[in-house]
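Have a look at the structure below before the remarks.
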Amino acid sequence: MNPQAKLIFTSSLLLGTTITISSNHWVMAWTGLEINTLAILPLISKSHHPRAIEAATKYFLVQATASTLVLFASMTNAWATGQWDITQLTHPVSCTILTSALAMKLGLVPFHFWFPEVLQGSPLTTGLLLSTAMKLPPIALLFMTSPSLNPTLLTTMAILSAALGGWMGLNQTQTRKILAFSSISHLGWMTIILTYNPKLTLLNFYLYALITAAVFLTLNIIKAMNLPALMTMWSKTPSLNAMLLLTLLSLAGLPPLTGFLPKWLILQELTKQDMAPTATIMALLSLLSLFFYLRLAYCATITLPPHTTNHMKLWHTNKPVNTSVAILVTTSAMLLPISPMIHTIV
């Protein structure tokens, strides 16, 4: 892709996200979401492969529908209350429509079907943007409207997301699809705590974005699109593969790694809210995702590939690992000891 075009699209992504996060008026928030959608479409379809074009079309249709629903929710609220302010969303019908619209934008169950398909059709770097940066504006809108939203609806969607995200990822062999279902599962954890402690939702999102960025960039360096390709990577970059094991276990939420912190705090907060059964269900559902993270980690580091004669041997590279990847991988494994400081900041 032309560097100037890439610069324009990246700047537009930053602009759209900034407009949505900093706006008070619904129309400005909608404008930011639209700029974001239009800026990411060329990045999804840049390979001109039919799969990429299909992914871009699906993404456009879903995001356009969700944006229409956001406008409809805000107009219904303005019609009933005379308020265009984001934080003044009080009409119950508007709240329900907005929850559905933002769930569609994020890929929460039952609006999750588009996300794995779009991620599978995109390059890994665009997949990283779709999993992290593109989720920030809708999560910011959920954060701003959280006092008005229906807790029962959000809890139901969250439990279903954690269940289906873990369950549907079990059978996958494509790394991008596995990360898509992982994203759906993590969104469940972010949504369940939204009405009780919105700051924990943001903390979970930040740490999820950090760890996912480390996984996506590592897979991009070793060019592993599926599990068989991942199995042959131990000979190419052994140190990076060893760190990928820790990063995947951190994404699964195992102590003493960074990913344990948000799960720990969310379970603690749910118990404080007299929702111990819900906390138990969420903890048990995280075991489903743990299985496929362990499968990825096992393929990356422990096994030798079967039928070695069928695989082309990869040369060991002495090229140093990208500094940003090294920093991301380290922080995604080692932030738990400073969790009191992180908790006070957030």
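Cβ atoms are placed via backbone N, Cα and C, with glycine included.
TrEMBL does not curate its annotations; it predicts them automatically.
What TrEMBL records for 23-288 is domain 'NADH:quinone oxidoreductase/Mrp antiporter transmembrane'. Summarising the annotation, TrEMBL assigns domain 'NADH dehydrogenase subunit 2 C-terminal' to 290-342. Annotation source TrEMBL lists transmembrane segment at 59-79, 91-115, 152-171, 178-196, 202-222, 242-261, 281-304, 325-345.
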Chain residues outside the transmembrane segment (325-345) and at least six past its termini with a C-beta under 8 angstroms from it:
203, 207, 210-211, 213-214, 217-218, 221, 240, 243-244, 246-247, 250-251, 255-261, 265
What mean pLDDT score does the domain 'NADH dehydrogenase subunit 2 C-terminal' (290-342) have in the model?
79
Long-range Cβ neighbours of the transmembrane segment (152-171) (under 8 Å; 6 or more residues past either end):
96, 99, 103, 108-110, 112, 116, 177-178, 181-192, 194-195, 278, 281-282, 285-289, 291-292
Considering only Cβ pairs within less than 8 angstroms, which of the stretches 59-79, 178-196, 202-222, 242-261, 281-304 has the most against the transmembrane segment (91-115)?
59-79
Who are the chain neighbours of the transmembrane segment (178-196) in space, where the CB to CB distance is under 8 Å and they lie at least 6 residues beyond its ends?
106-109, 112, 115-116, 119-120, 127, 131, 135, 139, 142-143, 146-147, 149, 151, 154-155, 157-166, 168-169, 172, 204-205, 208, 212, 215-216, 251, 262-263, 266, 269-270, 273, 278, 282, 285-286, 288-289, 292-293, 296
Apart from its near flanks, which chain residues at least 6 from the ends of the transmembrane segment (281-304) lie with a Cβ under 8 angstroms of it?
158-159, 162-163, 165-167, 169-170, 172, 175, 178, 181-182, 185, 188-189, 192, 224, 227, 230-231, 233-234, 241-242, 244-245, 248-249, 251-254, 263, 266-267, 270
